[in-house]
Each structure stands twice: as structure tokens, then as C-alpha cells.
């Protein structure tokens, strides 16, 4: 696909008009204060001493037969072209020019006077000595004494200034370090409090586990419980653990080498327990490695949350929502634990299904958009093949067939750029195409319900409202945002902007607020009840904004062809975080969000997943194809073109410019 900013004109700020030369010269004396001293001196010279041709002090003065004086070079140059006097227009030739010695003498005296006026006292004294002024030895001693005293005074003042500069620097440095020390002490206090809270909670968990194990042993009386018990030693009561371990061993020794079904069952239980323990240990080690790999980012995340919510305990309602009662936990620590848990849970993406989007009649296979329906049972794809294809997700994932046929196909007149399912009417889906047509389709009948043809150029984006089922919004290269109602044949609202519209999105919590990404590098956040001007313009991207997606009612993610994603708070109108790692300079590579994760494509044919609290990618997956050699020259030209999460699950649909669609799932 072409870059969305092609042909877009970024509004330029007009420079303030400069004053004309006439205005600048209207008051020639108004800028006397800013003139250098020697220029002021020239202004004070008699105008009769200026050359009428160059308007400067006459240099090498020559007198004409008509009585006017000029610079020698000025009058000679003039007489090469004309044969008259520049002042009185009488006939004049070079034979009628004579040196003006008197004027030269006067000019030298005037120049000397001007120099003496601007000279310093030291310069006057030096000139006097050079001209042979007689000075007695006593006078010289007095002058030397004064000069020495003046020198000492100046040195003293210079030393004091240097000491003051050094003192100011040291005071500033001390203030900065004290602030840093106070900050570190505050952070250490946070950490100390949180370590205590975590230790108390961990002890509670150990005690609960021990009570649970004892209760199971009392109820079941099965020796396999003791075997399983041995694989989870308690750090609270070592004596109890060792006794239960020995009791377990004694129970096993009562039936040496007995290989009946019951004995095999007990051995299987023990081996399964050991295997589970080893697996959990391996997962713990892997999660620790992930923590260390993102340690700096996690540290900043922890401190930020603790600073924001320091000493704010959970409300009773929040405690009720948690299965584990976190006594002593602050909200900041609980939030960070949630981030740490979700961040370290996954380390890679695994392919669970794959299908090809192309067909024999349309060799161009770029998938521009891929979207789940309301219930996440069906998903639709669209692109340059001029066809909307709807697939059954469970069939694609569970059927091992190499070829998956769509359950619905709807041909279109033009290449498609975007899809959006209706959040209320399951069988309705909207599309935008390269001719600027916005179409609402009925998947059941395979027919269009409404067609809107008001856009004058290619339409890039469309989105149904999450709260108002009849409303949808679209954006186009004609620099217009249009709001539609499925019950009307014309747009109900237009917003004219100054640059191409690349993406539009409704706020999931309101049918009145939309985010608009533009080729002017900005995100414009509008309240449709007052569309004359945006509520806020978010600036920070350096190139066109290609996608906007809401993580929540106040969290907005954006993608740009400057190879960054950004997270914004639309409630407080502030930037939150910038995500870097993928490559995106000219193509639409897709953007999708869920509660915790942000995913996008890359022009390196890779899918990148970010956690919303960490600016570096959590994991990424590179597309490959069995019929494409990695050394193929075309391999580097493929890029990810569309991505879509399956609700808040770790499952994601991805597609690339080759027409390959993969179902990926986050894995440990």
C-alpha cells in the first residue's frame, strides 16, 4: 500500500511580514542607540566632507573645474560613462580634475578628532608618550603606584567572581544531590515497606498450603499425598516437613517392590508430582530471566506507580474483587505486581493455525484489514483482492486442512482499506475502499445494506460506535471526517481538516468522542457535539499517524510511520509512553490492543507485542513461508499488513503482504 501521507499538505505557519525598506528608513535616527561608535562619529561629520557619489568621507579628494570635490575613484568611474559633473551637470573631462590638498588635510584632522573622541584614557596617555610628552620620575612613580593598586583591585574582584561562580556551582550540585538522596531514601522506604508486605503475604500462603496439605492427609489417608507433600517442602515449619517426608518414606517401604495396579498408581502420582515441580521450577527460572532482561523498565514502572499512589491502601471494594486478601499492599504495589505477572507470563508467540488469503483470480494478496465479529466466532479479511472473506475461527484453528474455505465471500468494486464489525448487530460489517465508498454489508444475505459515496478520494478508515449501533465514522484522503447513521442515506456530520485522514476510532465509552489520526503528524480528539475544534491535539509523532486504538475509555494507542507507537491519556491530555522496536516507515502495518498488550506489524515481516507499561517489545514473531526461500530477493519486501487480538485473550490474528494469515498465541 502507498504511504498515507502522499500528497498531503502539512499546514505551514505563515511568517510575520518584515517592515519594508521605506518603513525602515522612515526614522533614520530611531536606531541611533544600536549604531556602533564609529558610525555615530561619521554622522557628526560635516556633510560637506562627504563624497556626493558614494556618500562616504572623501578619499583622495579631487576638485573639478566647476568647484565640486569627489573621491578620485568615484569621479573617474563616473566619467567613463558620462562627461558631466554629477552635481551641476556641466561638461567635465578627466583633464579638468585637480588634487584637492586642502580637503585632504581637513579630512585627516577630522578623522584624528573622531579617533581621539572614541579613544580610551590609556590610549590618550600612550599617544602622549609617543608624541614626546615630558613626564617626571615622581609622576611616573605615582602613576605606577596607581596602576599597581588598580591591578590588585581588579585581580581581587576577578578572584571573588571566580569563587562566587564555584560556590554557586557547588551549592547547586549539593542541592541536586540532596534531592537525589531524598528520592533514593523515599524509594528505599517504598521498597522496605513492600518487602515487608510481600514477606507477610508469602508466609500466609505457606501456612495456608500447610493447612491444606494436613487437611488432605487427614481426609484421604493416602500415602501418595505424603509423596506429593514431600515435593513441596514448607519454609515455615522444617520439623513438620521432615517428619511428613519420613512418614511418606515409611509408607512406601511397607510395600517393597510391589508392582500391582495400586503401586503403579502411587508411583505415577509421585512421578507426576516431581515432573510438575520440575516444570514449575523451570518456569520460575525463565520468568526471572525475563525480569532481568527488562529490569530497568520494570524499575521505572515500579517507582512511578509507587510515587503516584504512595500509601493509598486498597478500598474494601477492591479487596473483595481479589481472591487473595493482600493485607498491607498499597495500590501501587498491587498494580505493579499485575504488570510483573502479565509481563513475565509470556516470552514467545506460537503458531496454532495458518491459511492463505489469495486465490487464482487475484494474484495481489495484501490483507489490509482483519477483524473479529461481536462474539469472536467469525473473522473477516479484506484487501487489494476486492473481496471480503469471512472465516469461522474454530474451524480454522481445529481443522488440520491445508486449505480453509471462507464461510462467506462478498466481492467489491474496488480495493478495500478497512473493516469494522457492528458491536451490536452481529451480521453487519462496514468497509471503506480506494474509491472513497463506505459500505455497510449484511453477512447473512451477502448484500450491501447502505452505500455512502460522499468522500471525494480514497477512504482509509471506518469504525462503528461501541455504544450507538447505528453510528459509524470514516476518514479519507479528502481531508474530511464523516459521521454516518445506518438509517440515513447521507452523512449526519462533517469535519473538515487540513491534511489527509489516515484513521478514525470511536471512544468505546462514548458515541460522542472520536480520535482522528492525520498526515499532519497529530492526533485530533473531538467531541462530536462541538466539532468546530478538537478537545485536544496530541503531538509527538514525527510522521503520519496511521492507526489509533483505544485500550480503555481514557487510554489511546497510536501508530505512525516514524517507527513508533505512543500511548496517550485522553482524560488528562498527556503522553504516557513511547514504544520502539519495530520498523514502519511507509506502509500500513496494523495495530491492535487489548487490556494489557499492544501489538503491531513491522516492515521486516515480523509481529511485535508490547506491554503497555514497558516501552520495549515483550516478544516478536517473524513470518516465514515454506514456499519462500529466505535468500529470495523478494523476501525483504514483505511486511505485516494487519493484526487483531481475539478480545483480551493471548490469541491474535495476523496477516502479511504476501497473503499469509496466521493465528498466533502468546506462550511461556
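Using N, Cα and C of the backbone, Cβ positions are placed for all residues, glycine too.
Automated prediction, rather than curation, is the source of TrEMBL annotations.
Per TrEMBL, compositional bias 'Polar residues' is recorded for 232-249.
For 51-88, the entry in TrEMBL reads domain 'RING-type'. A Cβ distance under 8 Å defines the sequence-distant neighbours of the domain 'RING-type' (51-88), meaning residues of its chain 6+ beyond its ends; these are 42, 45, 94, 96-100, 103-104, 107, 110-111.
Annotation comment: TrEMBL describes 1-38 (among others) as region 'Disordered'.
Here TrEMBL flags 227-249 (among others) as region 'Disordered'.
Beyond its flanks by at least six residues, the repeat 'WD' (452-484) meets 4, 7-8, 417-425, 428, 430-440, 490-506, 508-511, 514, 516, 526, 528 of its own chain at Cβ-Cβ distances under 8 Å. Sequence annotations record features per position, and here TrEMBL assigns repeat 'WD' to 452-484 (among others).
Here TrEMBL flags 538-578 (among others) as repeat 'WD'. Among residues of the same chain six or more beyond the repeat 'WD' (538-578), those with a C-beta under 8 A of the stretch's C-beta atoms are 3-5, 8, 500, 502-510, 513, 515-523, 525, 584-595, 598, 600, 610, 612-613, 615.
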Original post:
For the repeat 'WD' (538-578), what does DSSP give as the number of helix, strand and coil residues?
Top reply: 0 helix, 24 strand, 17 coil
Original post:
Tell me, what is the mean pLDDT of the repeat 'WD' (452-484)?
Top reply: 94
